[in-house]
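What follows is a set of notes on a single structure, which appears directly below.
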There are 2 protein chains.
Amino acid sequence: MTRSPLAPAAFPSLPAIPGVTLRVARAHYKQWDRCDLTFVTMDEGTAVAGVTTTSKCPSPEVEWCRDALPLGRARALVVNAGNSNAFTGNRGRAAVEAIAARVAGHLGCQPSDVFVSSTGVIGVPLPIDKAEAGLDAAFTAEPCGWEDAANTIGTTDTFAKGASTSAIVDGRRINLVGIIKGSGMIAPDMATMLGYVFTDAAVDSAFLQRALHDANRNSFSCITVDSDTSTSDTVLAFATGAAGNAPISDEDNDGADAFRAALADLCLQLAHLVVRDGEGASKFIRIDVGGAESDASAHRIALSIANSPLVKTAIAGEDANWGRIVMAVGKAGEPADRDKLAITFGGVQVASAGLAVEGYDEAPVAAHLKGQDIEIGVDLGLGEGRATVWTCDLTHGYISINADYRS
Amino acid sequence: MTRSPLAPAAFPSLPAIPGVTLRVARAHYKQWDRCDLTFVTMDEGTAVAGVTTTSKCPSPEVEWCRDALPLGRARALVVNAGNSNAFTGNRGRAAVEAIAARVAGHLGCQPSDVFVSSTGVIGVPLPIDKAEAGLDAAFTAEPCGWEDAANTIGTTDTFAKGASTSAIVDGRRINLVGIIKGSGMIAPDMATMLGYVFTDAAVDSAFLQRALHDANRNSFSCITVDSDTSTSDTVLAFATGAAGNAPISDEDNDGADAFRAALADLCLQLAHLVVRDGEGASKFIRIDVGGAESDASAHRIALSIANSPLVKTAIAGEDANWGRIVMAVGKAGEPADRDKLAITFGGVQVASAGLAVEGYDEAPVAAHLKGQDIEIGVDLGLGEGRATVWTCDLTHGYISINADYRS
């Protein structure tokens, strides 16, 4: 697969997270010559939080994680790539239970301490024999680094995605590292894709859950590639506590604020990486909507623009077709007044008060649209509500990837 | 523009509608060598009804029609192609008023008896001088037939679209003829596109409005090409009364039922023609959803499938990728139970009770998907709600048309 033109130059240098050990192995879920099973172990006392797809047809892995999350503790994560195990009934559930049991036996922990994700084709039960052989290989494999793990959780991704950030908590520097996969079947309003965040901070699990929920709302829930929502979307956050800080909780205001900010920053970095690997993407598009009646209304209007095939193809064609943005605002079903609407491309006003701006300078707009990073601004002129979402353009590449993909 | 592969072999033979006279002219709204102004006159006493876009940013033409519709009477219709006049503020409104005034002066009727539609690029005020010169040419032009009018209202359409039906009312045969334009920016839940229905029946205008509303709900509101909604969508129905029947109203049960059925049939024919000219379409797709908790729920699930880029590209690739249908059901936000879901392609069961059907015969499914008319069936297994929608596939042709189109 050709590397996305929007990819960063290289995988970043990411710090080790004390208490977290990564391993990868070949389970041969598909006929391919690559690692496809990621096995992460975490020290005892690791807290966990998670957000999962809002799909009404979730995978057994999603159901498994949802059941385990309220317990708030984790010892291991297994990610299978190449087969999502979704829509496979009891056989799919049995595969997840077998994986958790085998890992629990190996580590001497509870099955509910083992988190499992799978990604790939829907409708084929994950073969238990391959999973078990893959796990056995992972148990004895040498530990690996973040880039190997990020590559191993990927499927149609064209580059490995990882990011990090840090904060000062309780007088100590704590690190957060995340890896993520996803490039198609990406839509917002839920946790999207498979993403994993690891930190050495000690964090109360209930606080971690609230912080992840908030971070998700402003990151993964604000991106869309194709408006389609996976049955397997999962984001998990693990906190090992190895940094030795006093556990962060709501009562710890300074530490809590610093951690929340760091987690939000990391989730946004990871979300942007997914958009930058959007199937067929040639442009990274930021859409700012302001002046709406509420933030929620602004968010829905921004997504209506971001999901519009006509807007996305116009950007692919480097065409300042603001009429299609008016169309997308109009179809959102949210309060809007045609005669108060203003639109900018790259900061240049092209329409205001319901009219094209007479004689606006087209040169900077044309130059902006020829770039890779596109900014669209919409002001509704109604109130104080605002939202930002990120998406990519819709190109021949998306059609080629998805019309030729064989189930 | 290459004629859509899904187009009918030829424009149908359509009867004249007594009381309706068609003319076309060149207003030169764009630099092209074709008629782009359609002028239809109707005898005094003609009743009118209409449905218009739900966009919050409608064109001044839509607002004009909405204001005039409650009066229930019409003498003329003007359709401009090449410029939608949408998002043009007071200058756009002035153009509509100028057109209505000029036609009213010519016919000796009220401006509110004149209905106006425009279609094409958004954001450029319709030039009044060109509209007036075009009207003057139309006033003196020879009357023309349905195919000329259907061609003249079109823009990116690749073929002229018309259909007819008839009914026996009050012992007389009455005819209904419709013409329609539209191929992109087509989404449901509203009147879509520009469509015009003419009948010689005498019909009470309030009854006509209700009948059109109902017909729209089961036709134009059940199609989607790209999930994008135009700011100009309008469907108008005109009844001249020339057939001499006792006016059809709700009190006239037999005639009312026959007329409603005929109007519903005609609207569905016209709606299908729009899908068959969907931008880049190579497959006509029917999606039947049953077993939902309500008809409205089934409709939303069917549209979630019909609007999914991943489903549409799978059909373009002739791939029986039912996992993407599960995904689209799951993301619809409607009640669904993964373990009760059943899916068919061309009537062949490929999944049931939350599982792939073991060893189903792939040959008839593959053969079905190679054809032009694709049928997808989904049974939710929850209740009695059902709905049918129609759409087309998503191909390289759609990208080419819309990424290369210049505003």
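The backbone N, Cα and C atoms fix where each Cβ goes, and this holds for glycine too.
Per TrEMBL, the features are:
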- B:THR155, B:LYS181, B:THR192, B:GLU279, B:ASN402, B:SER407: substrate binding site (BINDING)
- B:THR192: active site, nucleophile (ACT_SITE)
Residues from the binding-site residues B:THR155, B:LYS181, B:GLU279, B:ASN402 that lie close to chain A, Cβ under 8 Å, in sequence order: B:ASN402
Among B:THR155, B:ASN402 [binding-site residues], residue with fewest other Cβ within 10 Å: B:THR155
Three-class DSSP secondary structure - B:GLU279 (substrate binding site): coil
Per DSSP, three-state class assigned to B:ASN402 (substrate binding site): helix
Cβ neighbour count within 10 Å of B:GLU279 (substrate binding site): 29
DSSP three-state assignment for B:LYS181 (substrate binding site): strand
Residues that sit under 8 angstroms from B:LYS181 (substrate binding site) by C-beta distance, when 6+ apart in the chain: B:ALA81, B:THR119, B:ALA150, B:ILE153, B:GLY154, B:THR155, B:ASP157, B:LYS161, B:MET193, B:LEU194, B:GLY195
Where B:THR155 (substrate binding site) falls in three-state DSSP terms: coil
